[in-house]
Amino acid sequence: MLKNSMNVALLLLIQLLLIAIAVQYSTADESFDVRHHLSTVSRYGIVKDISDDSFAPSQNLDQCTPIHLNLVARHGTRAPTKKRIRELEAFAARLEVLVRDVKEQKQSLDKIPAWLMGWNSPWKGKRTGGELISEGEDELYHLGIRVREQFPSLFSEEYHPAIYSIKTTQVPRASASAVAFGMGLFSGKGKLGPGCHRAFAVTSESRASDTVLRFHDCCQSYKDFRKSQEPTVKKLKEPVLDEITHELVKQYGLNFTKQDVSSLWFLCKQEASLLNITNQACSLFSPAEVSLLEWADDLELFILKGYGNSLNYRMGVPLLEDVIQSMEQAIKAKEEGYAPGSYEKARLRFAHAETLLPFSCLIGLFLEESEFELIQREQTLQYPPKPPKTRNWRGNLVAPFAGNNMLVLYSCASDNSSKYFVKVLHNERPIPIPDTPAVMSMLPT
């Protein structure tokens, strides 16, 4: 009798444990926001505050004054490119075929989500693409306002292009981002319209010769490297696509291929990021599957644009040199007592993920100290670990839409002499960097 009671109690305990586990996973699923897992297709406002903000700079800058700011920013949220728009239109036709096959085989349609039958691309019929959308304009406009509010002493002077330099690539979404940022930065500073806006200059180099902001287009060695690595990337991503394709075929009864799943994931990212729709394409994937697809995107990013090869970030040296040169000029102006209004106080640049990523790698962001030693020797780092393991390298943190790095040069009075420090902010938050001579030791003291 006692034994039976113990068995019953044990069964009840197991049931309670199973219920608790089910509730835990249910709660986790409910709190899971796919918009936090879209790699570089992530909206800035969704992800800018999810990074760890526990880092505090070791140097107390309370007695220091910012004298110069360098900004390197990615363009804001954009529409799909023309190539991707055509891909989505072709995918709509492919979905029709998949549904028709189920009907012809006289199988039940009950498992097929209603939205999927008769689906058409939201961008159907568009003949242009890749442009900055209104949400992207908003991201850069408010970034400009926040930068001015955070560094009021830097932006207190009357505008002049020699004081506030704004540079961009010749790609329209980048130049439009620069304009939106400038409208926020200088809002209320002019006499144009009810917003008291003012005109400002935005300059750019030719696409063919822009080695500072569009170096990936000017480097044939990089183009050759990227093409050579595409089969490797495809092979690394294949097991993830195989696994998820198998699950989707079993769950929905549609004969999806790996290419179909890849298109569905792209559609999910576009719907979630651009349209705030998460209950269609994204709903086909479980949180675990989303995490794997995100990791596959981040892995591709790592290999082709990040720490996967030293060529990826060595291309960005001209940009780093431009940043250092601007700091040296600011220090010279400080040391020689230039009059206000006669020297540059901010150099503001707007480009692409292919610009921001190599620059972030050059200054050693998202690395452990030991890893920085490896990239100094131009050795390859290990790939970002697969979920459920955690990783520093995440596309939504490294280069979301409107992602940015700010290097702020401070002058600090000390025993009748000046010392200079650089504070690095990534997506507006202070971030640690290794003690790299590339940035710190090249500054005169």
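Every residue gets a Cβ built from N, Cα and C, even glycine.
Taken from TrEMBL, the feature signal peptide applies to 1-28.
Taken from TrEMBL, the feature disulfide bond applies to Cys64-Cys412 (among others).
Over all protein chains present, the Cβ of Cys282 (disulfide bond) has 20 other Cβ atoms lying within 10 Å. The disulfide bond annotation in TrEMBL covers Cys268-Cys282 (among others).
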Ask   = Fewest other CB within 10 angstroms, which one of the disulfide-bonded residues Cys64, Cys268, Cys412?
value = Cys412
Message = Cα-Cα, whole number of Å: Cys64 (disulfide bond) versus Cys268 (disulfide bond)?
response = 46
